[in-house]
Amino acid sequence: MLDIVIMAAGKGTRMKSSRPKVLHTLAGRALLQHVLATAAGLGAQRLITITGHGAEQVEAAMRSAFPAAPLAFVRQEPQLGTGHAVQQAVPLLDDAGTTLILNGDTPLIEASTARALVDACDGTRLALLTIDLADPTGYGRILRDGDGRGEKLLGIVEHKDASAEQRAVREVYTGMMAAPTALLKRWLACLSNDNAQREYYLTDVVAMAVADGVAVVAAQPASETEVLGVNSPLQLADLERRLQRKQAEALLEAGVRLADPARFDLRGTLGCGSDVEIDVNCVFEGRVELGDGVRIGAHCVIRDARIAAGAVIHPFTHIDGAEVGAGALVGPFARLRPGAELGAEVHIGNFVEVKNSTLARGAKANHLAYLGDATVGERVNYGAGSITANYDGANKHRTVIGDDVHVGSNCVLVAPVTLGAGATIGGGSTISKDVPAGQLGVARARQTVIAGWQRPQKKR
């Protein structure tokens with residue numbers, strides 16, 4: 001049986017933020033959420049997160065993100081070191097299994113690496129995740145009985161307690177380990193805080209394992225990025241770019257054309273058909289699906305959307321919770337809000353906003369317009385400056401526009417109202433009553449021309 005313990009109690013002072021460190025986001029998800037997502041795929045019977053600073057906020061966020069996962073939380077109050085943190089989880093650990101310990105601020109650990117660490121433990125050994133770093137400053141150093149990696153592993157010395165000779169060692173402990181649970185419990189009970197920091201170090205269990213004759217082995221990740229932690233905004237920004245580059249490369253390998261992979265951000269999942277083109281500085285959030293031949297212009301923000309084959313999204317368009325039909329044209333500078341559903345070959349032009357509305361095939365609103373809570377038929381032409389007045393101060397109401405309706409410029413459609421198929425609305429009208437099919441609706445003051453009128457003259 002496998003129990004997973006995730007360390008997430010730290011304050012993150014260097015983040016200089018009131019937000020708990022593990023709730024800072026990387027590619028749109030909290031750091032801890034990345035770790036829990038990886039852990040959830042390992043088949044553990046229990047995912048135990050150790051919280052401390054901002055515990056209630058952290059626990060609520062993770063319960064919301066993983067409603068079906070076998071989550072458990074224990075609190076470390078006060079924070080007296082990594083060993084003290086794991087001691088808080090002891091009552092929840094199954095003696096007959098293996099305990100895997102991960103870091104809540106090391107978000108890019110791969111499931112394959114975590115699994116390799118558990119396999120290295122094999123229920124009998126203490127397995128440490130180590131890596132060689134060009135600059136090991138701040139990390140605990142691996143001590144071996146000799147200079148080579150194949151030499152026996154004897155222990156770990158924390159950076160603050162290391163001698164100059166020990167600090168020259170490049171192999172470091174990443175903070176992650178796997179151990180037989182029964183042995184781990186025994187070692188945790190023997191921890192001492194007799195060190196420079198007066199803390200209980202989890203790393204001290206290594207020397208205890210050696211003393212007990214338990215083999216101590218090391219596993220290593222495929223890349224350094226997997227074990228990089230976050231302690232400052234600079235480190236978070238570095239990890240963001242590393243992850244975004246990795247995601248961009250995966251899309252490029254799948255055939256997506258990114259104008260510049262260094263200027264691309266994915267904060268969720270992005271599914272793409274063939275021949276998809278994405279220009280620079282686009283941000284994709286939540287779950288986005290792009291059909292075959294979709295083209296996305298520069299500087300677009302697209303969240304939780306489906307865009308069908310052949311659609312073109314022009315630059316500076318914002319799409320949130322919307323569906324765009326095949327061959328549709330959207331933007332530039334358009335906004336599709338939640339509930340917007342555009343049919344095939346619909347045109348939504350510059351500075352047009354659509355919210356909670358459906359537009360059937362071939363409908364057009366090419367500039368400076370608002371459609372909210374509306375049902376729009378096929379081939380409708382919706383003039384510049386026209387809006388649906390859908391809110392009466394208390395409730396929202398719908399506007400129904402039939403097929404082949406022509407709405408002139410600068411019209412106000414006061415909902416609830418229905419325009420029958422083929423109706424025409426004269427420009428500048430405020431329509432508050434239904435217009436029958438095929439009829440002309442005009443509601444504006446009659447034009448007056450005053451003959452002989454002269455402009456006022458400036459006084460001398």
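Note: Cβ is positioned from N, Cα and C throughout, glycine not excepted.
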Matching residue for the UDP-N-acetyl-alpha-D-glucosamine site, where Swiss-Prot names K21, Q76, G81, T82, E158, N231, R337, K355, Y370, N381 - out of G97, G140, G146, G213: G140
In DSSP terms, the region 'Linker' (234-254) comprises 20 helix, 0 strand, 1 coil
Long-range Cβ neighbours of the region 'Linker' (234-254) (under 8 Å; 6 or more residues past either end): 15, 24, 26-27, 107-108, 225, 228, 261-262, 264-266, 270, 272
Nearest-integer angstrom distance between the alpha carbons (Cα) of A384 (acetyl-CoA binding site) and H367 (active site, proton acceptor): 5
Would you mind reading off the Cα separation of N231 (UDP-N-acetyl-alpha-D-glucosamine binding site) from D105 (Mg(2+) binding site), to the nearest angstrom? 8
For the region 'N-acetyltransferase' (255-460), mean pLDDT (0 to 100): 98
Give the distance between the Cα atoms of N390 (acetyl-CoA binding site) and H367 (active site, proton acceptor), rounded to the nearest whole Å. 19
